[in-house]
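Feature list (source: TrEMBL):
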{"type": "ACT_SITE", "residues": "H161", "note": "active site, proton donor"}
{"type": "BINDING", "residues": "R117, M142, K143, I144, L145, N159", "note": "(6R)-10-formyltetrahydrofolate binding site"}
{"type": "COMPBIAS", "residues": "1-10", "note": "compositional bias 'Low complexity'"}
{"type": "COMPBIAS", "residues": "11-21", "note": "compositional bias 'Basic residues'"}
{"type": "DOMAIN", "residues": "56-233", "note": "domain 'Formyl transferase N-terminal'"}
{"type": "REGION", "residues": "1-38", "note": "region 'Disordered'"}
{"type": "SITE", "residues": "D197", "note": "site 'Raises pKa of active site His'"}
Amino acid sequence: MTPRTTTSPTRRSRTRPKRAPTRLSYGRSIGRPASTSQEWTLTASRDQLPPTAPARLVVLASGTGSLLRSLLDATRTDGYPATVVAVGVDRECPAEGHAADEGIPSFRVALRDFEDRTAWDRALTDAVAAHEPDLVVSAGFMKILGSAFLERFAGRIINTHPALLPSFPGAHAVADALAYGVKVTGSTVHLVDGGVDTGPILAQEAVQVLDDDDEDTLHERIKVVERRLLAEMVAAVATRGVVSDGRKAVIPGDRT
């Protein structure tokens with residue numbers, strides 16, 4: 001089954017335009033990138049993703065596309081070091097409309113259209129690779145990425161999760177936090193690995209749980225943080241890269 005594409009992919013130009021370094025600030029967060037003095041010395045057991053600005057982003061989404069919408073808004077900010085070049089979905093959803101509104105190519109790779117998850121994973125991998133991304137952003141994408149995808153884009157997939165990992169991984173993080181009775185939860189932005197929300201953490205920010213919160217009210221406050229934190233971390237990774245040993249991730253500090 002060939003993935004459904006709504007517009008033709010935009011190909012990478014032969015030469016990438018140069019931009020002057022830009023200092024970006026979207027607010028204070030826990031887990032800021034480390035300073036230059038805290039950089040790791042690279043060894044064979046540590047992987048480095050170099051800066052890619054201006055970075056090409058492929059965003060994967062499954063739902064309303066609110067995280068996609070906020071990232072699109074960020075990319076219109078003067079000097080933002082990344083551009084969304086395509087949006088991929090696994091079902092019919094409003095995220096496709098956000099892409100169409102911006103004139104951005106989108107494609108749909110639905111699991112039901114394939115005989116098994118392995119075939120679906122290969123198709124999704126090929127559909128994303130056709131747009132030659134520097135980074136892949138999972139923004140509310142409700143499918144677990146398979147081995148072919150993870151191998152092709154290793155160290156370049158960024159996900160956001162509505163809890164302070166490693167607490168409350170999985171699809172019901174907000175409900176699980178409420179059921180457990182925690183007083184603080186929050187948002188985590190992390191690299192994606194082969195587990196469920198187990199990848200190296202890039203940043204976290206806390207959100208207080210109020211006594212009268214239900215799942216909707218708490219999730220909405222977390223989303224406010226998620227939207228900003230995701231834009232911050234995409235910008236940071238694009239401009240400064242990432243060093244990771246598979247468990248800990250460090251974004252090197254400014255070199256100016």
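Placed from the backbone N, Cα and C atoms, the Cβ positions cover glycine too.
TrEMBL feature annotations superimposed on the structure.
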residue	record	Cβ contacts under 8 Å, 6 or more apart
R117	(6R)-10-formyltetrahydrofolate binding site	L111, G146
M142	(6R)-10-formyltetrahydrofolate binding site	S62, G63, D90, A171
K143	(6R)-10-formyltetrahydrofolate binding site	S62, D90, L111
I144	(6R)-10-formyltetrahydrofolate binding site	V196
L145	(6R)-10-formyltetrahydrofolate binding site	D121, L124, S138, I157, V192
N159	(6R)-10-formyltetrahydrofolate binding site	V137, S138, F141, V189, H190, L191, V192, D197, G199
H161	active site, proton donor	P169, A173, S187, T188, V189, H190, D197
Protein Cβ atoms within 10 Å of D197 (site 'Raises pKa of active site His'), excluding its own: 21
In three-state DSSP terms, the structure that R117 ((6R)-10-formyltetrahydrofolate binding site) belongs to: helix
N159 ((6R)-10-formyltetrahydrofolate binding site) in three-state DSSP notation: strand
Segment-level pLDDT (mean, integer) for the domain 'Formyl transferase N-terminal' (56-233): 98
